[in-house]
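The following block contains the structure, expressed as structure tokens.
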Amino acid sequence: MDKLLDRFLNYVSFDTQSKSGVRQVPSTDGQLKLARALQQELLELGFEQVVLSKQGCLMATLPANVAWPVPAIGFISHMDTSPDFSGKNVNPQILENYRGGDIALGVGDEVLSPVMFPVLHQLLGHTLITTDGKTLLGADDKAGIAEIMTALVRLKKSQLPHGDIRVAFTPDEEIGKGAQFFDVKAFNAQWAYTVDGGGVGELEYENFNAASVQVKIVGNNVHPGSAKGVMVNALTLASRYHQQVPESQSPEQTDGYQGFYHLHSMKGSVERADLHYIVRDFDRNGFEQRKQTMLDIAEKVGAGLHPDCYIEVTITDTYYNMREQVEQHPHIIALAQQAMRDCDIEPNMKPIRGGTDGAHLSFQGLPCPNLFTGGYNYHGKHEFVTLEGMEKAVSVIMRIAELTALRAKP
């Protein structure tokens, strides 16, 4: 199990799909099964302070191998996969020396095409690990777990100087609960990095401000033959509500630093309709304005309704942009940039169009930017990762550990 690829293939065999709307953490038993397997692996490899909490958060330490004081740093990845697509019976395909063109995913009609995913043009000659078209792959974030584990093992075997290295594998990141029961004090690191990014070179310390918006619409159902002046169709109101949401500010029409409104799900009948939106914005003022827009639309569409019929909007903030926290510690970013350059990788600073455990942890006093994994197209059947990208992530983790020790040397 010393090989990076073997580790990754083992981890993706665990079904760890998280589940929204569940109060317990972790939300699924499969995550605990992987946590226990990782706990056993860490113990067998001789790591110290291996602790698994009842909420499924696993922590461990690789002790320092130098005599001088070095800041303790951490590396964190999450064990769950997205609820958006099946993570059961993952059957990875390994394609060595990719030569271009479409890649068949399994035996059906599904393909991974450079027409839809142009990044493939940059990966000629690489070893690609894909799905069989029936599930997601789980590189998000089991590639990160495999990379951290492999980096620790190699550091332990090598003579490279390093201080205390703390690692954590968390549950339920995909549903925003990954850091809810994370014990920052017990983790005892001065700063950390999540290994949960995308393509090689990605280094991220800005993420969305995020909120969940539940829109409850209550109508009045009567026989349609005698409905005039009496029926209030909740589905019609739902349609009117959504038509007021700025269409040009949807996920499929935005990128970079642009925020969005996203209708995630809807269900309903004449009597009642429920819409679930997520709103995202990098700027805090823009974020607050988006939430106000959702309230304003409800007031506009619901104007003049009978008191028994109404539109109710419930907004819950999910996480905030960690930039304001991480920018107070510029050496953390500079260190990661230097480590990448030392590994012949050009850092690609970009905003996270999503969230990570690092966002929550940064606000809990553990500054925590995000490193790449070498994976692409997360949360669906077109997800893939390159073995070369994973190896580079391992090298960067090791170099960050080494640089931290060298910079602290008297």
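Along the chain as shown, the residues are counted starting at 1.
For all residues, glycine too, the Cβ spot is worked out from N, Cα and C.
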Quick check: of Asp6, Asp15, Asp196, which does Swiss-Prot put in the same Zn(2+) 1 site as His78, Asp140?
Asp196
Of His379, His382, which one shares the Zn(2+) 2 site with Asp140, Glu174 in Swiss-Prot?
His379
Within 10 angstroms of the C-beta of His379 (Zn(2+) 2 binding site), what count of other C-beta atoms is obtained when all protein chains are considered?
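Excluding its own Cβ, His379 (Zn(2+) 2 binding site) sees 17 Cβ atoms within 10 Å.
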Should any of the recorded positions His78, Asp80, Asp196 have a Cα within 10 Å of the Cα of Glu174 (Zn(2+) 2 binding site), which are they?
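So far as Cα distances go, the recorded positions lying within 10 Å of Glu174 (Zn(2+) 2 binding site) are His78, Asp80.
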Run through His78, Asp80, His379 for me and report the recorded positions whose CA is within 10 Å of the CA of Glu173 (active site, proton acceptor), in sequence order.
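Of His78, Asp80, His379, within range: His78, Asp80.
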Of all the binding-site residues given, namely Asp140, Asp196, His379, which is spatially nearest to Asp80 (active site) at the Cα level?
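Looking at Cα distances from Asp80 (active site), the smallest one goes to Asp140.
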For the Zn(2+) 2 site given as Asp140, Glu174, His379, which other residues of the same chain have their Cβ within 8 Å of the site's Cβ centre?
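Apart from the listed residues, the neighbours are Thr81, Ser82, Asp84, Leu136, Asp141, Tyr378.
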Going by C-alpha distance, which of the binding-site residues His78, Asp140, Asp196 is nearest to His379 (Zn(2+) 2 binding site)?
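Result for His379 (Zn(2+) 2 binding site): the nearest of the binding-site residues is Asp140.
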